[in-house]
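Annotated features, as they stand in TrEMBL:
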TRANSMEM  20-40  transmembrane segment
DOMAIN    30-289  domain 'G-protein coupled receptors family 1 profile'
TRANSMEM  47-71  transmembrane segment
TRANSMEM  83-101  transmembrane segment
TRANSMEM  113-138  transmembrane segment
TRANSMEM  175-195  transmembrane segment
TRANSMEM  235-259  transmembrane segment
TRANSMEM  275-292  transmembrane segment
REGION    317-340  region 'Disordered'
COMPBIAS  328-340  compositional bias 'Polar residues'
């Protein structure tokens, strides 16, 4: 067991009182902008739905955590509804796992993507996940918690002590972190390996056919196909960057729970830092999208009325005519799939 110094306690308390305000200050506007940028696309696709859902759950998780913190500050902590914090954190992690799964299918099974990944199936996955988790959390928290008016705090019924402090602890962490974390790590690794294999095969093919030096003009259909490939590659890079950010920032929480059963061997300051890193995953995805792809930046600039990307966006599709813009993949910045 670690004896926390007075300095550690003071610093940890100061961090706890300020970091959520900072993350909400940047994360809520950023996630709102991400949703607006995505939903201003000309069509709703599985990709736009998943990314918009991820931004929605990220923003909502930050709001809920701040509200719960304020309730605790004013001595009115939630009791039977306290699961809502874990629920929204869990939904962000699972939605990111679904984004990785969609990219995995796109990269590894591109010919099957059209009928495997549909908007209806993506909506169903998110809805079923939310319903399944609520079907566990709502009954459990309704039964095991009660408000002790004498102590003005939330208590656990004695008969549920063992379940809550042992079994629920593992069930909760498995649902919120373990399964999504492992899924994101595995899928991201497979995608990176597959991309390297595809790049190697493509280089060999270009060397063999000599097409890299070909100056034959491309037809409009070929330009659309090539542009769609560029969009797919860009979105895969976005996903990989977001996944790596998630893996790195949530690793301390992942190890913290596994290595030390009772969470007593870590300094209080370390515990607070892991909370900051974990909660930061809800605030930084917009910036990952913005800095990892020019297409997202151009759409954002267009939304706020800045024309700095006009020439770039016009040139990206080659010599495509103005009347063909609606058919071009350029109009679908987050189009993970050509399937509508």
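Note that Cβ sites are derived from N, Cα and C of the backbone, with glycine treated the same way.
Note: TrEMBL annotation is automatic and uncurated.
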Which residues of the same chain, at least 6 past either end of the transmembrane segment (47-71), have a Cβ under 8 Å from a Cβ in it?
20-21, 23-24, 27-28, 31-32, 34-35, 38-39, 41, 77-78, 82, 84-85, 88-89, 91-92, 95-96, 98-99, 102, 119, 122-123, 126, 235, 279, 281-283, 285-286, 289, 332, 334-337
Intrachain residues whose Cβ lies under 8 Å of the transmembrane segment (175-195), provided they are six or more past its termini:
86, 89-90, 93-94, 96-97, 100-101, 103-104, 107-108, 133, 136, 236, 239-240, 243-244, 246-247, 250, 253-254, 257
Just to confirm my parser: what is the rounded mean pLDDT across the domain 'G-protein coupled receptors family 1 profile' (30-289)?
84
